[in-house]
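Under the heading domain 'Major facilitator superfamily (MFS) profile', TrEMBL lists 10-395. Summarising the annotation, TrEMBL assigns transmembrane segment to 9-28, 48-67, 79-100, 106-125, 137-161, 167-187, 216-236, 256-275, 282-303, 309-333, 345-364, 370-391.
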Amino acid sequence: MIKNEQSRLPLIMIIVLGAMTAFGPMLVDMYNPALPQVQDDFGVSTSTSQLTLSFVMIGMALGQFIFGPLSDIYGRKRTVMTILILMALVSLGCVFISSIDLFLGLRFIQGLLGGGAIVIARATVGDQFDGTALTQALAALLVVNGIITIVAPLVGGYTLAFASWKMIFAALTIISVVIFVAAMVLMKETRSDAVARLNFGEIIKDFGHLLSKPKFVVPMLMQGLTYVMLFSYAAASPFITQKIYHMTPQAFGWMYAVNGVGLILMSQVTAFAVKYISREKLLHILTTIQLTGVFLVIITTWFHLPLWLLVIAFFIMVCPVTGIGPVGFALAIEERSGGSGNASSLLGLFQFILGGIIAPLVGIKGGTNVGPFIIIIVITSILVIVLNIWLSRLIKKA
């Protein structure tokens with residue numbers, strides 16, 4: 001493992017690696033404004049249309065499980081170059097799709113590849129930094145991620161104003177090619193002891209060792225559950241805002257963009273605060289903010305309060321994700337004993353598999369019934385409170 005003598009990543013690498021981590025918003029947020037149109041075009045139920053999100057998220061989970069260990073063995077750069085060129089080809093295939101079943105299959109493959117890009121970007125940072133520097137480096141990537149989170153729904157929403165939702169995938173094709181070229185020219189191999197042999201036994205053993213450590217498991221669960229909040233919002237908000245509150249896809253894109261600004265701000269506040277506040281205490285503060293947002297979302301949606309209040313509630317619920325995520329990731333990955341790719345893939349597996357399971361459940365009663373969405377975020381909130389208590393006890397024992 002190479003440890004960087006510099007205290008921070010070069011700006012150009014923040015952009016390249018940040019763009020790789022942004023396959024989440026590119027595959028989800030850019031596509032989200034189109035969900036109601038996808039439902040209408042294919043003539044399927046709300047829950048089935050949300051499977052196009054679910055398959056991406058499950059693919060992302062498995063992609064991190066697969067490509068993290070592969071990049072530990074074959075190297076970060078070689079693995080991610082393969083991923084990016086395949087992403088371009090699969091995205092191009094989505095432009096010409098006519099079957100919902102085939103579309104779901106391609107979305108799953110997109111998720112696999114996107115998850116691979118995400119885990120390799122984070123593992124590359126994990127190769128070079130530890131401690132507070134690691135948290136700050138991850139927060140820097142989230143600035144790029146946040147900018148793309150702002151732009152992605154606007155691109156998706158305004159594409160729908162003059163073209164089919166399939167043109168969103170044409171844009172994804174171009175983006176994948178651009179990132180491929182940037183990675184080919186600028187990315188250096190950070191996994192210096194890569195070898196050409198895959199040992200699944202050692203990988204599973206490393207996973208088992210990590211899962212036996214409460215100091216790995218608790219922050220893993222906390223960062224995973226905060227993404228349940230995010231993915232529940234991603235799956236439910238297009239239908240709540242467009243079918244209940246009658247927002248246009250373009251207005252929905254702007255709401256997403258405002259939340260993207262909040263995500264950037266929170267990542268920067270976290271990077272600053274971690275210098276002065278312990279990461280464990282910071283997690284408590286951030287989850288408290290998120291739970292406040294959850295409470296407001298529940299009250300607003302259940303009683304159908306004004307749209308402006310719903311927008312504020314979503315903002316408060318979603319923004320802490322870019323604080324809780326990197327802090328939880330940094331705390332967990334420091335417990336690794338092997339390569340950072342294994343630990344990073346396990347963290348991503350849990351994060352996205354939950355999102356994949358949750359996405360179709362929020363629409364199980366249809367696009368205008370908020371009951372399942374409320375139940376999911378209430379249960380998640382209870383689990384987050386339990387984990388906060390558990391984390392406090394671990395700190396006291398240390």
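One is the number of the first residue shown, and numbering goes on along the chain from there.
In case you wondered, yes, glycine gets a Cβ from its N, Cα and C as well.
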Seminar exercise, completed: Comparing 9-28, 106-125, 282-303, 309-333 for Cβ pairs under 8 Å with the transmembrane segment (137-161), the winner is 9-28
Exercise. Quick one: mean pLDDT on the domain 'Major facilitator superfamily (MFS) profile' (10-395)?
Worked result: 85
